[in-house]
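Single-structure report; data block below.
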Amino acid sequence: MNPYILATLLLGLGLGTTITFASSHWLLAWMGLEMNTLAIIPLMAQHHHPRAVEATTKYFLTQATAAAMLLFASTTNAWLTGQWDIQHMTHPLPLTMITIALALKIGLAPLHSWLPEVLQGLDLTTGLILSTWQKLAPFALLLQIHPTNSTIMITLGIFSTLVGGWGGLNQTQLRKILAYSSIAHLGWMILVLQYAPSLTLLTLIMYFIMTSSTFLVFKLNKSTNINSLATSWTKAPALTALTPLLLLSLGGLPPLTGFMPKWLILQELTKQDLAPIATLAALTALLSLYFYLRLSYAMTLTMSPNNLVGTTPWRLQTAQSTLPLAIATTATLLLLPLTPAMISLFFM
């Protein structure tokens with residue numbers, strides 16, 4: 001892609017998110033979300049591959065549906081209450097509709113079925129943008145409206161953690177596994193959103209760091225399925241040794257960074273007298289942990305299926321910049337001791 005066009009699209013992506021962040025009026029927030037969607041469409045379809053075009057079409061239709069629901073709900077709210085302000089969502093009908101529209105935008109279960117299919121059709125760089133940056137604007141709106149219907153939020157959250165764990169069990173494609181991982185993590189964030197919004201924000205940031213490091217590892221190894229992970233030891237032995245730790249951090253095992261948000265969320269749910277919900281969420285995390293362990297096993301403890309005429313990949317020097325990967329990996333592995341600092345920062 002032409003660098004000028006790429007820069008324009010990335011600036012459009014950033015501008016759309018910034019407009020949504022800065023808006024207090026529903027129409028302006030909707031415009032920001034639309035700019036965001038329109039800027040990423042050419043990035044998704046840039047390879048002119050049938051799978052990429054299919055994924056782009058699915059994404060566009062899903063986001064257009066969610067945006068139409070959002071606009072309809074905000075118009076209904078203005079009609080019922082006379083308010084266009086995001087902070088003044090008082091009527092339960094438009095509030096529920098907007099919550100569902102934003103759930104569709106970010107891919108919460110049971111509105112999740114587009115996400116694995118779309119992510120599977122994209123290259124890893126665009127998939128990373130879709131899994132991280134595209135979640136920011138809808139989450140900014142969710143944090144502002146403070147959804148008060150606890151039944152919907154807990155249902156969406158538990159359903160997402162269950163579907164995210166269950167859906168990833170039988171997958172062999174890494175991008176689909178990361179999509180189900182995303183659904184499971186979003187479920188954890190939504191569970192605690194109405195009780196501790198700052199904890200949702202902390203979990204979102206931690207999820208961004210861990211997902212970025214995982215995507216960048218797969219991009220460096222040019223891996224798209226589980227079988228191709230087995231050859232990665234010939235290309236980057238040190239990184240292959242660290243990758244299981246990254247995956248276990250995504251699963252939420254101590255003493256890695258991924259344990260921090262899960263620990264704090266379970267603590268908060270218990271404080272709110274939701275011990276059964278906390279127990280169910282902790283059990284669904286075991287499902288996700290299983291497929292992370294499966295990836296770790298495939299990467300470190302198996303040899304690639306190779307016949308006699310097959311050639312072993314050479315250890316060529318990569319031309320990719322490894323600085324973002326190094327920073328994300330360090331943060332994914334070593335931030336747990338900073339939990340008290342994070343708590344004081346986010347809960348002031």
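Just so you know, glycine gets a Cβ as well, placed from its N, Cα and C.
Any TrEMBL annotation is an automated prediction that lacks curation.
What TrEMBL says about this one:
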DOMAIN    23-287  domain 'NADH:quinone oxidoreductase/Mrp antiporter transmembrane'
TRANSMEM  60-80  transmembrane segment
TRANSMEM  92-115  transmembrane segment
TRANSMEM  151-170  transmembrane segment
TRANSMEM  177-195  transmembrane segment
TRANSMEM  201-221  transmembrane segment
TRANSMEM  233-254  transmembrane segment
TRANSMEM  274-293  transmembrane segment
DOMAIN    289-343  domain 'NADH dehydrogenase subunit 2 C-terminal'
TRANSMEM  325-347  transmembrane segment
Per Cβ pairs under 8 Å, the stretch of 60-80, 92-115, 177-195, 233-254, 274-293 packing most closely against the transmembrane segment (201-221): 233-254
Top partner of the transmembrane segment (177-195) among 60-80, 233-254, 274-293, 325-347 - counted as Cβ pairs under 8 Å: 274-293
Range from 60-80, 233-254, 274-293 with most C-beta pairs under 8 A to the transmembrane segment (325-347): 233-254
Beyond the flanks of the transmembrane segment (60-80) by 6 or more, those residues with Cβ under 8 Å of it: 26-27, 30, 33-34, 37, 41, 89, 91, 93-95, 97-98, 100-102, 104-105, 114, 118
